[in-house]
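TrEMBL lists 190-224, 291-325, 394-428, 495-529, 596-630, 631-665, 733-767 with the feature repeat 'PPR'.
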């Protein structure tokens, strides 16, 4: 173990008594292997050496066996020697206590301290100094208080050395108020005590308090030393206080510390953390012989600021000077971070080989970083192998593996990982939950997400803004808007990310008007919209067809300079297309400096959706001239557009042509074509496409694709095949349930529909508006009046965003068909939606069937007010009049 001599450290730092400096330096630059100093306080090892020297100079003789044991670090042997003899001298006891503290064995230190007093040996200042270092965390605080009381009773609490150690002990135990109280009581507050206080504030991430200490030092007439500037620079770096850091540099130069290597290293780290790696590099270049700490600070700074290539170039340069400056594991940690940032797999693998050569692969942070690097580069299997080989699989290891699975689309594996992690007894942390929530959102795994939410609440993580935003996203994507709203409402700080998540959730489920309402609320709160907000705003305008509002949003985007963002521009094009403004859409398209595949695809889809298939075809040919070879997204758009228009022959033809061009269909192509097969009952083509899914190695249990296959087989009447596909799904989201239930409903399979609804609830998924609409429709077709009333009652009880006019019209039709025309009329009067043409058409049909002339006249009048040329209304009314011989009326 490397120990820096006290005299050496003091000389290097430019202060006679800067004992506290050792702790600051080690905490700031962990690559220096001063492990004993890390375990000791500001007065630690230096005091221990000094006390030994004083005791030996007074002629105190130590038994040679005990001395030999201590010298060889054989603590158990020394303990036996001490127990075998009745030592009344404090030195052997204190020496052994110090050895236990150095070996990070505070429990044994306290046991020995207790035995020392039982043996009537009076502890000295040196003993108390060692014992204070044995109080290592908040669990030890009570013992620290007891030691403080004993020291006070002996009258040593005003001693500056003891006072500094007390302060350091309280800082380690996270009791800053106690540390400050000790500091304020000391009669003389020298630079050592000030820097001890500053170091504690920095370690506890109270940067502003540390910087305030520097100002107080000046006011107290105490000139700062190198350690004070070290602490201050670290504080500036942690909060990005660049101007304060520059001012400190001027003072450092004025004080003559600019050539101090430790101060320069701290300055490099400060500039890097403030996002100025070039300034950090200038300081680095001024060093006559940069040590490994300077190299590490600079490489890490470039990596943190996103200059990944530069960081790796520096690492390469350091390797050239390997004989002068050998890299430490901290160096490789920074290098792996840079490889992560740019997905530099080959360079990462080269670093891995060097790490093995240096023998660093078993160091936990290195193992975790390697795992993370391979996962971020897409090699999940290699990441799993590294994980399995780790000596300790801690929460960082598990989190990196889970993030790797999630980021590479292996969401189910990520959920399985969480369950294994909990079985192993490793509690998840915030980063773990963030990745898991992302997987839940992707899989639409509502039930799993709710269980994860319960775990988050139990651990007290719900207050974290990132966690809350992710929960909103999960519930939103799973269609549980009420729960999304509840999480949002419970957030203490609803920032722009939170609002965007909630607004996107409403957009995703077609509630554009509600999304626009939320956008108004957000603006009333004074929050400035982000790029994502504008995209959400455009999508909400698209949903409700609010062209005027969309045009205003477009102008705001131009004013903010966001129109150069391709994703924003493509959303603008899509908004205009969906609102039927094809000329504006083409104009926005032509304004783009670069046309990517999404831009072409959006315009192609828009032309096809608005019945301009030939224009879409012409645009597709123009695209071939510009980009030479349209990608799969462009083919997807063309196929989707014709499929949406029901032009099955053209859609099927382009689907075949895409394959002839050597392009494999994407999931989007498959889904569009399968949906079309279901619509036109093209079972043979659907089966051929199903077989193709297997041939191109796509996973048929992929949720959107599986749902499309289920829908296709249901549409073609092959409910048995649909059921088999449904049962094979690992995760059955609400869309899959709705697709199958709707399929059986269309074929009048009422018993199966009721069974599936019951099973759905037993599996923890609450039926939504679509599920219950299918139930009402099957009741309607089968004439099941009481069952229909029951399901409608369930909808009325929920009365949330899943309730729509379609449910209202369906129950009205059911009641009307059963002859309950008056009840149907009364129910419509209580409903929240204004009756539409479907409503009045339904009422006219019921009145016609059961001979309700008065009500039919009212329904006819209301229908013709909405549409004067509503043909079916006139037909129904004329039929009633003919049957009642009321032609004149």
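Note: Cβ is positioned from N, Cα and C throughout, glycine not excepted.
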Could you tell me the mean pLDDT the prediction assigns to the repeat 'PPR' (631-665)? 81
Using a Cβ cut-off of under 8 Å, list the residues of the same chain at least 6 residues beyond the repeat 'PPR' (596-630) that approach it. 566-567, 569-570, 573-574, 576-578, 580, 582, 585-586, 589, 636-638, 640-642, 644-645, 647, 650, 661
Which residues of the same chain, at least 6 past either end of the repeat 'PPR' (291-325), have a Cβ under 8 Å from a Cβ in it? 29, 31-32, 261-262, 264-265, 268-269, 271-273, 275-277, 280-281, 284, 331, 333-335, 337-339, 341-342, 344, 347, 351, 354
Cβ-Cβ under 8 Å with the repeat 'PPR' (631-665): same-chain residues at least 6 beyond its ends: 597-598, 600-602, 604-609, 611, 613, 616-617, 620, 623, 672-673, 675-676, 679-680, 682, 685, 692, 696
Looking only at the repeat 'PPR' (495-529), what are its DSSP counts of helix, strand and coil residues? 26 helix, 0 strand, 9 coil
Using DSSP, what's the helix, strand and coil tally for the repeat 'PPR' (291-325)? 26 helix, 0 strand, 9 coil
